[in-house]
Amino acid sequence: MAIGLSSIIPRLQMLSTSDHASVVSMNLFVALLCACIVIGHLLEENRWVNESITALVIGVCTGVVILLASGGRSSHLLVFSEDLFFIYLLPPIIFNAGFQVKKKQFFVNFTTITLFGAVGTLISCGIISLGVTQFFKKLDIGSLDIGDYLAIGAIFAATDSVCTLQVLNQDETPLLYSLVFGEGVVNDATSVVLFNAIQSFDLNHIDPRIGLHFIGNFFYLFLTSKMLGVITGLLNAYIIKKLYFGRHSTDREVALMMLMAYLSYMMAELFYLSGILTVFFCGIVMSHYTWHNVTECSRITTKHAFATLSFVAEIFIFVYVGMDALDIEKWRFVSGSPGTSVAVSSILLGLIMAGRAAFVFPLSFLINLVKKFPKEKINFRQQVCFLFLLQHNSIFFVLH
């Protein structure tokens with residue numbers, strides 16, 4: 001018995017120490033988030049700075065301090081996994097965007113959004129894949145086959161909706177906001193289908209049926225993801241209307257809306273659909289139907305609760321990205337082959353820009369021919385903004 005206790009006690013002490021270190025890290029990270037909010041508020045009137053830039057700068061500065069304090073071992077307070085991003089941080093951001101989006105503006109431009117998100121992604125993927133095939137062979141970075149080159153094209157053809165929400169204001173630029181954000185949502189479905197197709201098809205024996213299979217998969221993913229979000233939103237509205245939770249507690253109404261919105265995202269991931277599409281359309285449906293079936297108190301609460309969750313998640317991501325810019329492992333890899341790393345990054349950035357430009361300007365020209373009213377047309381300035389906003393996430397992806 002004494003021997004057993006003597007072996008358990010050191011383990012408990014180690015566990016306690018580990019827990020204490022995690023608590024310290026969480027305290028520091030929460031303090032950083034508070035600092036971002038305060039400093040962002042103080043700089044609100046500055047047209048060149050917003051919360052995302054503030055969070056990035058604070059993250060970089062904090063990373064420098066941690067790097068020095070740890071003797072060059074790490075620049076992070078927390079270990080960031082893809083599960084943390086995709087399961088906990090992304091859903092509230094996308095849901096709130098659907099919940100707050102100007103629905104009329106979005107659906108009026110839905111054909112344009114789908115054209116940019118589907119056809120544009122394919123064009124961008126093709127150009128990036130062709131480019132890396134030509135340039136990477138000359139750099140001799142390793143043995144890559146055609147599937148690897150196409151996978152690189154599919155990955156870097158993807159755009160990010162999170163960055164768009166921080167850069168644009170839908171009240172000031174409603175057309176541009178709906179186009180860029182909508183393109184990011186449809187782009188997600190296209191990129192997922194494209195990447196899965198590349199991984200599953202035998203590219204050494206190209207068959208015309210591959211194209212038909214891809215188109216079928218895209219429409220299946222797009223429509224199924226959309227319908228799952230719509231059905232979840234309608235079911236939520238029906239339950240709240242019939243049971244009338246507001247008679248007893250508005251907390252139940254708010255909790256049910258939050259949980260069912262999150263459930264729609266997790267169900268989409270469970271069935272290998274696009275969680276972004278599902279939770280986005282769930283937000284749109286809830287804002288239109290559920291909104292009118294809850295009490296006035298619940299309307300105010302949900303509006304601010306969803307916006308707050310989204311805001312905190314966005315700040316969290318940008319702070320961590322700032323810290324990650326000083327990741328010692330990445331810098332060691334770069335220092336080991338600086339010429340190759342700079343060349344690969346430069347080539348990817350150039351190809352991403354070329355891929356985006358190859359569909360933004362031609363498709364905008366075709367869309368403007370169909371539009372009757374000048375306000376509905378995409379002018380050259382908006383096209384340029386659209387191009388560079390799509391670059392936002394790709395630049396971070398390449399540099400990291």
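One-based numbering along the chain as shown.
The backbone N, Cα and C atoms fix where each Cβ goes, and this holds for glycine too.
The annotation transmembrane segment is assigned in TrEMBL to 20-40 (among others). Within its own chain, the transmembrane segment (20-40) has Cβ neighbours under 8 Å at 49-51, 54-55, 58-59, 62, 77-78, 312, 315-316, 318-319, counting only residues six or more beyond its boundaries.
Positions annotated as domain 'Cation/H+ exchanger transmembrane' by TrEMBL: 31-391.
Per TrEMBL, the feature transmembrane segment maps to 52-71 (among others).
The transmembrane segment annotation in TrEMBL covers 77-99 (among others). Within its own chain, the transmembrane segment (77-99) has Cβ neighbours under 8 Å at 25-26, 28-29, 32, 62, 66, 161-162, 165, 181, 185, 261-262, 265-266, 269, 275-276, 279-284, 286-287, 302-303, 306-307, 309-310, 313-314, 316-317, 320, 323-324, counting only residues six or more beyond its boundaries.
Under the heading transmembrane segment, TrEMBL lists 106-129 (among others).
Under the heading transmembrane segment, TrEMBL lists 218-240 (among others).
As annotated by TrEMBL, transmembrane segment applies to 274-292 (among others). Away from its own ends, the transmembrane segment (274-292) comes close to residues 86, 90-91, 94-101, 103, 106, 161, 185-186, 188-189, 192, 221-222, 225-226, 228-230, 232-234, 236-237, 240, 257, 260-262, 264-268, 299, 302 of its chain (Cβ-Cβ under 8 Å, at least six residues beyond either end).
Beyond the transmembrane segment (304-323), the same-chain residues lying 6 or more positions past its ends with a Cβ under 8 Å from any Cβ of the stretch are 29, 32-33, 36-37, 51-52, 55-63, 66, 75-78, 80, 85, 88-90, 92-93, 95-97, 99-100, 162, 165-166, 254, 258, 396, 400. Marked as transmembrane segment by TrEMBL: 304-323 (among others).
Per TrEMBL, the feature transmembrane segment maps to 343-370 (among others). When Cβ-Cβ distances below 8 Å are used as the criterion, the transmembrane segment (343-370) is approached by residues 112, 115-116, 119-120, 123-128, 131-132, 135-136, 139, 141, 156-157, 377-378, 383, 386-387, 390-391, 394-395, 398-399 of the same chain, each at least six residues removed from its ends.
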